[in-house]
Amino acid sequence: MKPERNSLSEKIRNAEKIVIKVGSARLSGLPSEVNDFLFQLVSDIRHLRDLGKKVILVSSGAIARGRLLLSELPSTISSGDSLAEKQALAAMGQNRLVNLYDSFFSKVNLSIAQILFGVLDLESKEGYKNLKNTFTQLVEWGILPVVNENDSVATEEVKFGDNDMLSALVSLIVEADLLIILTGVDGFLKEEKVVPFLEKISKEDLGLAGGPSGPGTGGMFTKLKSAGLLSEAGIPTAILNGKKMHVIREFLEKNSIGTLVAPSGNRVFSEEDVKEIIRKNRNGNGGNSL
């Protein structure tokens, strides 16, 4: 008998450790739009914490915030898309990004910690263990980790590819119970209709999924690839419209919005398994294969 979405409602409600991924588009619109989004996000995460849940936030947006900062400078400086320019923008914008989050989370008495890392950090002998230990300690202290790839030093050859894959890797490292990806659409669409439930990710699904439509590097394709990876590990993934009010809270309470990708296995991913995924998926080595 095939599983149905409703059969996972209890698993979703009882998820103890939740990774939430926010894309660049949610943080690069008009100031009023960004503020409205952050008010909703912070309120929902505060609600999760009050329920006793552990939350890790994976956030893009450093380069987008860097471009905004550059545009505000009283000069004629402009930026393109060269590697050096994107690295410099990330260096400028990451500080702004974390300060923005801190200003909102402090209003609900949540302390945050910035975690920046890259492919080479995880491939080093002690890097994986140190990162896992850092996550564990922060969560035990009740601190909210805010995670991003260290784009100021990452090159195209040694990048995770996008933060959808980064959020999946973080989910494996921290042994999460649920990944929530916030995007700008209502979920995975077929013929302009939301697909509410995917038992598994097929090649047809990937063929219908599009690339980035905003300032980010991912798209629905990378979201489905990441969800497919976590499905093997028994971790469900929800793809939700981050523009909707209290979308995280509504999903957990009702399990009736967005696209839910079901867990299909219970594979335990070892440190070496995660490192192999990184080697296969980083930009300079095979692109999108899993």
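Just so it is clear, glycine is given a Cβ too, placed from its N, Cα and C backbone atoms.
Copied from Swiss-Prot, the annotated features are:
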- Lys21, Thr217, Gly218, Gly219, Met220, Phe221, Thr222, Lys223: ATP binding site (BINDING)
- Ser60, Asp151, Asn163: substrate binding site (BINDING)
One of the binding-site residues Lys21, Gly219, Met220, Phe221 has its Cα closest to the Cα of Asn163 (substrate binding site), namely Lys21
Expressed in Å to no decimal places, the gap between the Cα atoms of Lys223 (ATP binding site) and Asp151 (substrate binding site) is 20
Here the binding-site residues are Ser60, Thr222; the one whose Cβ sees the most other Cβ atoms within 10 Å is Ser60
In whole Å, the longest Cα-Cα distance within the recorded substrate binders Ser60, Asp151, Asn163 is 11
Around the Cβ of Phe221 (ATP binding site), other Cβ atoms within 10 Å, all chains included, total 19
Whole-Å Cα distance, Asp151 (substrate binding site) to Gly219 (ATP binding site), is 18
Whole-Å Cα distance, Lys21 (ATP binding site) to Ser60 (substrate binding site), is 8
Fewest neighbouring Cβ atoms within 10 Å among the binding-site residues Lys21, Asp151, Asn163 goes to Asp151
For the binding-site residues listed (Gly219, Met220, Lys223), most other Cβ atoms within 10 Å of the Cβ sits at Lys223
